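This report refers to the structure that appears directly beneath it.
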Amino acid sequence: MAKPAYKVADISLAEFGRKEIVLAENEMPGLMACRQKYGPLKILKGARIAGCLHMTIQTAVLIETLIELGAEVQWSSCNIFSTQDHAAAAMAKAGVPVYAWKGETDEEYMWCIRQTLIFPDGKPLNMILDDGGDLTNLVHAEHPELLKEIRGLSEETTTGVHNLYKMFREGRLGMPAINVNDSVTKSKFDNLYGCRESLLDGIKRATDVMIAGKVCVVAGYGDVGKGCAQALRGSGGRVLITEIDPINALQAAMEGYEVTTMEEASKEAQIFVTTTGCTDIIMGEHFLNMKDDSIVCNIGHFDCEINVTWLQENAVEKVNIKPQVDRYRLANGNHIILLAEGRLVNLGCAMGHSSFVMSNSFTNQVLAQIELWTNREQYAIGVHVLPKKLDEEVAALHLDKLGVKLTKLSARQAEYLNLPAEGPYKPEHYRY
């Protein structure tokens with residue numbers, strides 16, 4: 001049986017999606033510069049890219065950039081709640097085989113990913129663009145015969161990168177991979193500034209809660225946690241941090257946050273945000289400690305940070321307030337308000353990150369795909385990062401939009417610093 005040309009929630013939303021894509025393009029200068037620079041060269045001609053990344057308006061601009069560069073593209077979303085149905089419809093209407101809709105079941109989610117493996121002409125994928133590792137894991141586990149044709153993969157997020165390093169250590173990685181997440185222009189921008197705005201958008205749309213004056217817990221103080229803590233503090237919240245890493249804990253303390261354990265924080269706070277990418281962060285004993293109508297949400301990639309299963313099995317009652325907002329009544333009489341079923345709150349309850357910051361991340365994705373497609377022989381099987389020079393190029397492409405005037409090194413200054421006047425300006429180990 002032939003697979004469908006696409007599967008989306010409502011193709012009639014395509015016109016609405018196209019209007020928003022036009023707006024987003026103006027906010028994504030990095031991707032538009034890639035089209036201008038590489039489009040005429042069709043530098044990705046012959047690439048058959050299977051993408052598994054949140055099917056949003058911003059992702060639509062990424063998809064059409066890859067196509068403009070000569071690639072064939074098929075797409076699924078990497079989260080059951082993150083698809084923006086008008087974006088998916090616009091891509092389907094434009095002829096892109098896209099398999100994504102908001103509110104997929106877990107079974108439908110895996111079905112969607114499987115549809116992207118074989119292209120309409122019967123040929124398999126030869127490139128992967130992933131977010132979280134589900135597509136990568138599926139190919140390795142179920143279709144190892146496809147690995148020999150795949151030139152490489154680029155991975156978007158922290159969770160997926162951890163998965164890649166684990167696969168490589170265990171000898172299971174079958175292709176070169178570029179870790180896009182650890183490009184400075186991704187992790188220090190998308191993870192921090194993106195979450196700083198989109199977290200509050202998700203919480204506010206879901207609950208209309210006043211942040212000011214409330215005690216808020218942020219679990220984890222990496223780049224995502226830093227952005228979330230800044231957002232909550234900026235709205236007047238009193239922010240507590242939980243951490244396992246003494247360096248991150250010290251950073252948080254010296255920014256003026258109280259650093260404590262979830263056992264202690266769960267007795268005091270009213271809003272909980274997990275950002276760790278780890279499992280078992282908020283457990284049954286923590287729910288039992290919480291105040292009535294505590295709000296609990298996650299902004300890490302997978303839904304394993306909050307023990308939703310415990311809530312489902314132990315709550316006396318569950319009331320769905322509206323899509324992705326559930327109120328659980330516990331045996332002690334208190335209620336827990338869970339957002340997006342413990343999945344990404346900024347995409348489940350709002351629209352995700354803004355276009356401008358996603359232009360940083362997605363420009364890195366485009367450059368990673370170009371690197372792997374055109375210079376495959378330079379990349380052994382393993383996990384790689386983009387060169388510093390490309391990282392700086394991504395940043396430079398976004399300066400004009402913000403009216404930034406960059407100082408230029410003189411020849412004497414460049415000689416004094418022993419740097420090329422045109423960069424790169426920092427060593428690979430520099431942390432920013």
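Backbone N, Cα and C define each Cβ position, glycine as well.
Features reported for this protein in Swiss-Prot:
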BINDING   Thr56, Asp131, Glu156, Lys186, Asp190  substrate binding site
BINDING   157-159, Asn191, 222-227, Glu243, 299-301, Asn346  NAD(+) binding site
Roughly how many Å separate the Cα of Gly300 (NAD(+) binding site) from that of Asp131 (substrate binding site), to the nearest whole number?
12
Which ones, of the binding-site residues Asp131, Glu156, Lys186, Asp190, have a Cα no more than 10 Å from the Cα of Val224 (NAD(+) binding site)?
Asp190
What subset of the binding-site residues Thr159, Gly222, Lys226, Glu243, Asn346 lies within 10 angstroms of Asp131 (substrate binding site), using C-alpha positions?
Thr159
Find the one among the binding-site residues Thr56, Glu156, Lys186, Asp190 whose C-alpha lies closest to that of Lys226 (NAD(+) binding site).
Asp190
Distance, Thr157 (NAD(+) binding site) to Lys186 (substrate binding site) (CA atoms, angstrom):
9
At the Cα level, what's the spacing in Å between Gly222 (NAD(+) binding site) and Asp190 (substrate binding site), rounded?
12
How many neighbouring Cβ atoms, not counting its own, are there within 10 Å of the Cβ of Thr157 (NAD(+) binding site)?
27
Residue among binding-site residues Thr157, Thr159, Glu243, Asn346 with Cα closest to the Cα of Asp190 (substrate binding site):
Thr157
